[in-house]
Every structure is written in structure tokens, then in C-alpha cells.
Amino acid sequence: MQKKSIISPAFVKGILIIITTYFFLANLPIIDWLNIGLDYSWAFAISDAAHKQLIFGKDIIFTYGPLGYLVHGTSLNHNFSQIIYFRWLIHLCLLTVVILRLSFIKSYSNQIVFVLSIIFATLVGNPYNSIGFTVDYQIIFILLILMSFDNFFQKYINYLAIAIGIISGFSILTKLTLGIYLAGSLFIYIFVNIVRGYFQKSPSIVIKNVLAGINLTLTIPSIAFIFLYPAASNRAFIHIIVNLCIAGGVALTLWFIVKKTSLFRHRFQGNYLFLYNLLPLLVFYGLYGLLLLQTINLDNFPSLLGYLSNSWQISSGYSSGMSIVGNYPRLLIALLCFALSLFLMSLAIIDQKISLAIAYIFPIFLSFKHGFVRQDDHVVVFTLVVIVLASLYTIIIKNPRFKKIAYCAWGMIFFGCIIITSSPNWTILENARQWSNFSPDRVVNNIGVVISSMLNPTELKMRGERSTTQNLQVIATATKIPDSVLEKVQGKTIDIIPWEFSLIPGNQLNWKPRPIIQSYSAYTEKLDELNYQSLSQSPRDYLIYHFQSIDGRHPFFDEPKAFSYVVCNYQLDSVNSPFQVPAIKTNFYLLEKQKVSRCIPTPLGETTNITWDQVYELPTRNRGITRAQVKFEYSWLGKIVKQLFRIPPVIINVNYLDGTQVNFRFVQDNSANGVILSHLPRNDQELMAFFQGKLPPQVKSFSFSVSNPLLFSPEIKVTPFGEVETGS
């Protein structure tokens with residue numbers, strides 16, 4: 001006789017469920033309050049833009065959409081309840097899905113691996129406001145964990161495609177990449193099913209998944225169209241319903257004809273008869289697709305295609321415009337983790353989980369790129385995704401021969417993730433903040449807050465409004481603009497360059513943002529052009545300018561054409577500039593719109609081809625400003641690397657006329673629009689002189705360098721031209 005285990009499987013599973021629930025309840029989502037700084041500024045911007053019903057994709061272009069405030073927006077009086085309820089809902093849905101998945105896992109080892117992975121995510125990811133275990137990644141985890149019920153997905157793929165299409169369409173309007181994660185994973189799953197069905201000579205699998213793919217393809221834009229512009233959601237919804245009724249009515253009529261007549265039925269047999277019976281459904285898809293395409297392109301609705309294409313401009317330019325080369329050993333460890341994920345994928349494929357195994361590698365790749373293009377705190381994103389999906393791989397691999405190998409691979413990934421998210425000044429224990437966050441009192445308090453808020457939403461709303469008002473009052477005091485400046489700009493249209501939007505609410509500024517709200521994000525020619533068009537076609541009365549940028553760039557490089565327009569058409573208010581606000585000890589400058597532009601473009605020389613590290617002598621004029629169109633071309637290798645990973649920063653080595661040398665990061669993807677290069681102020685005094693037209697040309701020559709020239713064409717085209725007579 002075998003001895004029965006003292007500890008029953010149900011008991012162990014119950015303990016693991018309690019532990020998981022405890023960590024989730026200890027780490028309830030938090031509210032993003034307004035503060036000073038770059039990230040806080042864009043979080044405020046997406047909340048404010050949604051409240052003012054600006055059109056995303058036109059009035060404001062970002063990777064976040066009109067519903068982005070739910071994920072990463074600043075809490076304001078009008079949206080506190082929406083944000084907190086949405087984040088709690090997603091958090092508790094993920095907890096429910098985790099418990100559901102855990103309840104179906106029979107192996108102790110699989111249970112422990114899965115729970116450890118989830119706890120790792122809550123510990124390491126939670127401390128980041130805009131990076132880590134945030135609402136967008138929680139939504140991704142919900143889908144990926146549910147997909148691990150592979151048999152269920154295979155059976156009900158058509159219905160699930162519609163459900164996930166609805167969620168993906170909604171998610172695209174919160175953050176473009178979130179929709180790509182969700183839709184991309186399921187599209188790959190469906191596509192692999194189609195290929196598998198084809199090679200298995202199973203028409204039923206092929207047809208079922210083709211229909212599922214169509215369901216997903218039609219559902220996503222339908223839902224996105226409805227919510228793209230909330231002010232017109234009712235009208236958009238009616239259009240979609242009318243389209244469904246028209247297509248459904250035609251298909252239903254055809255179905256009735258097919259069922260009631262045998263005129264053509266005798267001509268079809270086998271699979272052809274099956275397709276004949278599907279004819280009404282195919283007509284529905286075709287007609288609805290045409291109607292949907294027509295509806296999306298209606299002139300009296302914001303452009304969904306415009307939102308997607310412009311947001312994609314920011315996302316696609318990220319791998320070159322925002323790249324940071326970090327610690328190489330940690331990059332190598334991440335590559336090892338990625339390779340181990342591919343190994344787990346191959347084991348799952350051998351174990352006949354082909355569709356799911358291949359679908360899972362897509363979010364791992366995206367998270368690797370997201371985490372290591374800008375190799376700073378963003379690396380935590382990769383660790384969260386890879387460790388959770390590695391645990392799911394171990395769950396779906398059933399073959400006993402592969403189990404131990406899979407556990408070893410997961411263990412190596414787990415320790416790799418610990419190393420990646422650890423450094424002398426940045427450890428997992430520090431990331432977990434204070435262990436007091438996990439005290440029983442905190443958990444009990446969190447449970448009480450959630451229950452009371454559900455039972456009494458009015459009290460939650462009032463408490464949220466009080467907290468928001470208090471936060472805004474603190475920021476208003478910290479960002480108080482001098483009275484003389486406020487008197488001048490009161491009621492006038494104003495924009496802030498490059499990003500400090502914390503000045504807006506407390507000073508009640510009439511903010512009219514450029515489409516690319518933060519200058520550093522205009523890192524392609526098109527994005528820079530959009531900001532230029534916005535400023536030139538609808539000039540702001542005033543601009544508040546803050547002399548700063550990111551990543552060692554010179555501020556003049558961020559949006560070259562738009563900034564050149566500012567230099568041409570705005571003048572410094574010398575009486576009120578520079579000024580400061582209490583919490584920011586660097587200077588702001590007030591720029592006032594001129595009636596007449598002072599720009600007279602003048603050719604200064606022909607296009608010159610230079611090579612990397614070759615010094616170019618900049619032609620200048622007395623008291624004139626010289627711009628240069630600098631055009632870089634990627635090699636075929638560079639184009640591949642840009643899509644799959646990142647382009648290392650391009651550095652401009654500037655030689656000033658006074659003999660000093662300074663290196664700046666250059667923005668190569670927008671420099672063909674014409675960058676001011678004759679004047680590159682190094683401090684506030686030089687900037688003041690520049691805006692007043694008193695600064696003589698500073699730059700004698702420059703050259704470009706990059707860590708890997710093979711990613712670019714060997715020749716760089718430089719075309720100089722004079723732009724402004726600063727004394728005029």
C-alpha cells in the first residue's frame with residue numbers, strides 16, 4: 001500500500017491562491033497625481049486633452065489615445081472615479097484569471113512556478129508609475145493566461161475572436177502598443193492554426209480559423225471607431241449598428257434562399273457544399289467590411305486611420321529617436337532569456353502546442369524591444385512578460401521528458417530577470433518599496449476601501465475630488481507664474497515648449513498644444529512637419545520656452561522645422577524674461593508672436609556629401625543664422641536592425657569659434673527638415689542673446705559619429721542655407 005500524502009493537493013493549491021491574492025490586494029493600483037517633470041506632463045496632457053475633447057491623431061498625437069487616461073492619465077476632478085474603478089476592475093480581473101488558471105494546474109511544480117512568476121511581477125513591476133505592472137500589461141497578462149486554455153480557445157475561437165476584438169479595439173484607444181500586443185498575439189495564433197489545418201488536410205480547421213480572423217479583423221476597427229471620439233460615440237455606434245443591420249439583412253435573405261431552394265445545391269458536394277452553405281456568412285462579411293470602410297472614411301468623423309498612422313509614426317521612430325545603450329552584460333542576459341524562451345517554444349511545438357507556442361513568442365519579442373531600445377528602467381517590462389510567459393510554457397508542456405528541461409529553462413530565466421532588474425543602486429528589495437506595504441493592516445485596509453467604494457460610489461467620488469483639488473493646489477503653489485507674466489498671457493492662446501505642462505492648471509493658462517505635445521517626441525520629419533503646420537497655420541499668441549531636452553540633445557534639435565518657425569516669428573519679451581516658478585530653479589522665457597516674419601531663406605552653398613567623422617566647415621554670415629538640411633540614409637542592415645531592435649545614438653561633435661568642443665546627441669530622422677547649427681547656445685546668457693538677435697554665429701564646424709557606422713550609408717548629405725537676419 002502507498003502512503004497517502006499528509007498534505008493534500010487541494011490544501012497546497014489553497015495556500016498558493018491565498019498567497020497570490022494577498023500580494024494582489026497589497027498592491028492595488030494607485031492614482032497618478034499631477035507633478036512636475038516630463039512623464040507627469042504627458043500624463044496630464046492626455047487627461048486634459050480627453051476632457052477638452054481634442055481629436056487624438058489630429059489635435060494631439062501620441063502613443064496614447066482618447067482613453068489613455070484610464071491607463072496612465074493624471075487624476076483630475078472629472079475623471080478620478082473612472083480611472084480608479086477601471087484600474088481596480090482590471091487588477092481584480094487579472095487576479096480572478098490567475099486563480100482560475102491556478103485551479104486547473106495539477107502539478108505542484110507548475111503551481112509554484114506560476115505563482116512565483118506572478119509574485120515577481122507584482123514585486124518588481126508595481127513601483128513604476130508608467131513602467132511595469134501597470135494596467136496595460138495587466139490586460140496583456142489576462143489574455144495570455146486565458147490563451148493557455150488552448151483546447152477551449154481552439155473550440156470557441158470564432159466567438160473568442162469577437163470578444164478579444166472588442167477588447168483590442170478598446171485597448172488601441174488607450175495605448176496603441178497595447179492593442180498591438182493583444183491583436184497581434186491572437187492573429188498569430190489564428191494564422192498558425194490555418195497553416196496547421198492546411199498541412200493536416202483539415203478544411204474545417206482552416207475555415208473555422210479563417211472566419212475567426214475575419215471576425216477579429218472586422219471587430220477591432222468597429223469598436224475603435226465607436227470610441228475614437230467620445231463626443232460622437234453615440235452617432236458612431238448608430239452607424240455601426242446600421243451597417244450590421246444592412247449586412248445582416250442581406251445575409252439573412254440569402255440564407256433563407258439557400259435553405260429553401262435546391263436549385264444549385266445538387267451541383268456541390270463535400271467541401272464545396274460546405275462553402276455553398278457558408279455563402280450568406282461570406283456575403284455578410286464582405287458587405288459589412290465595405291460599409292465599415294466607407295463609415296470609417298466619413299468626413300464628419302475623426303479619422304481612425306489618421307490616429308493609427310500618426311501614432312505609429314511615434315512608435316516606429318522610437319527605436320532610433322529614443323534609444324539608450326545601457327549595460328551590455330544585462331543585454332546579453334536578456335538575449336539569453338529570449339533564447340531560452342525560443343527553446344521553450346520549440347519544446348511546446350514538439351509537444352503539439354504549435355499555435356499557442358508561436359503566439360507567445362510575439363509579446364516576448366515586443367517586450368524585449370520595448371525594454372531594451374531605451375535601456376533604463378524600461379527593462380523591467382521585458383522581465384515581467386518573459387517570466388510570466390516562461391511559466392505558461394512550462395504549464396502547456398505536458399511531455400514528462402520535457403518537463404525537467406522546461407523547469408531548468410524557467411529557473412535560468414527567473415534568475416536572469418533578477419539580475420536584469422538589480423544593480424548596486426537598484427535592487428528588487430528596493431523596487432518592492434517598503435515591506436510595510438505588505439503588512440496585514442494594509443491588505444485589510446485595501447479590502448475595506450474597495451468594498452466601501454463599491455457600496456458608496458458617491459463617497460469615493462467626493463473623496464477623490466478632495467484629493468485631486470488638494471493635489472492641484474499644491475502644484476499651483478509650486479508652479480506659480482509671476483503676476484506680470486500672467487497679466488500678459490491671461491486669456492491668450494499659449495503653448496509650452498518643450499514639455500512642462502504642470503504650469504497649466506494652477507495658472508489657468510489657455511493651453512493650445514502642438515500635435516506632438518512634447519518636443520523630444522517629434523523625432524521624424526513627418527512629426528516635426530505636423531508641429532510646424534500647427535504653429536504656422538494657427539499661431540499661438542504666446543509661447544513659454546524652457547531651455548532643456550533629454551539624452552544629451554541640444555534643445556534646438558528636437559523639432560527643427562517647428563522651432564525654426566518659432567525663431568522666425570516670435571520675439572522675446574525682455575521685460576518678463578527670464579522668469580522662474582517656485583519649484584523649478586531653471587529659467588523660463590516668454591515669447592510673443594510677431595506680426596511679420598523676419599525670415600528670408602537664402603542659399604549658402606551646394607549639397608556636400610561628408611562621411612562619418614569628417615569635419616564640415618559651416619558657412620555663416622555676419623549676424624545671420626544658418627540652418628542645414630542633414631540627411632542620413634540607413635543601410636539595408638540598419639533598416640533591419642531598426643525594425644527588430646534599436647539604432648545607437650548619432651553624436652554631433654561641435655567645434656565652436658571660441659575653440660571649445662561639445663558633443664550632443666543628434667536626431668537623425670528629422671534633421672532633413674533643416675536644423676539650426678550656426679547658433680547652439682550653451683547657457684541662459686547665450687540663449688537670451690540669441691533670442692534678442694545679439695548673439696553672433698558660434699559654430700565653426702562639426703562632424704558626426706556613431707558606434708556602428710555599418711547601420712548607415714557611408715555618406716551624409718549636408719545642405720546649408722541662411723534663414724534669419726537676427727538684427728532685423
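Every residue, even glycine, has its Cβ placed from backbone N, Cα and C.
The transmembrane segment annotation in TrEMBL covers 12-31, 83-100, 107-125, 156-174, 180-199, 211-230, 236-258, 270-293, 331-350, 357-373, 379-397, 409-429.
Between the transmembrane segment (107-125) and the stretches 12-31, 156-174, 180-199, 236-258, it is 12-31 that has the most C-beta pairs under 8 angstroms. Using a cut-off of 8 Å between Cβ atoms, the transmembrane segment (357-373) and the transmembrane segment (83-100) share fewer than three residue pairs, counting only pairs 6 or more apart in sequence. Among residues of the same chain six or more beyond the transmembrane segment (379-397), those with a C-beta under 8 A of the stretch's C-beta atoms are 101, 105, 109-110, 113-114, 116-118, 120-121, 124-125, 128, 131-133, 137, 140-141, 144-145, 148, 150, 326, 330, 334, 337-338, 340-341, 344-345, 347-348, 351, 353, 356-357, 360, 363-364, 366-368, 370-372, 403, 406-407, 409-410, 413-414, 417, 420-421, 431. In this chain, the transmembrane segment (83-100) lies out of contact with the transmembrane segment (211-230); the count of Cβ pairs under 8 Å, excluding pairs fewer than 6 apart in sequence, is fewer than 3. Same-chain residues lying 6+ beyond the ends of the transmembrane segment (156-174) with a Cβ under 8 Å from its Cβ atoms: 56, 64-68, 70-71, 136, 139, 143, 180, 182-183, 186, 190, 193, 208-209, 211-213, 215-224, 226-228, 308.
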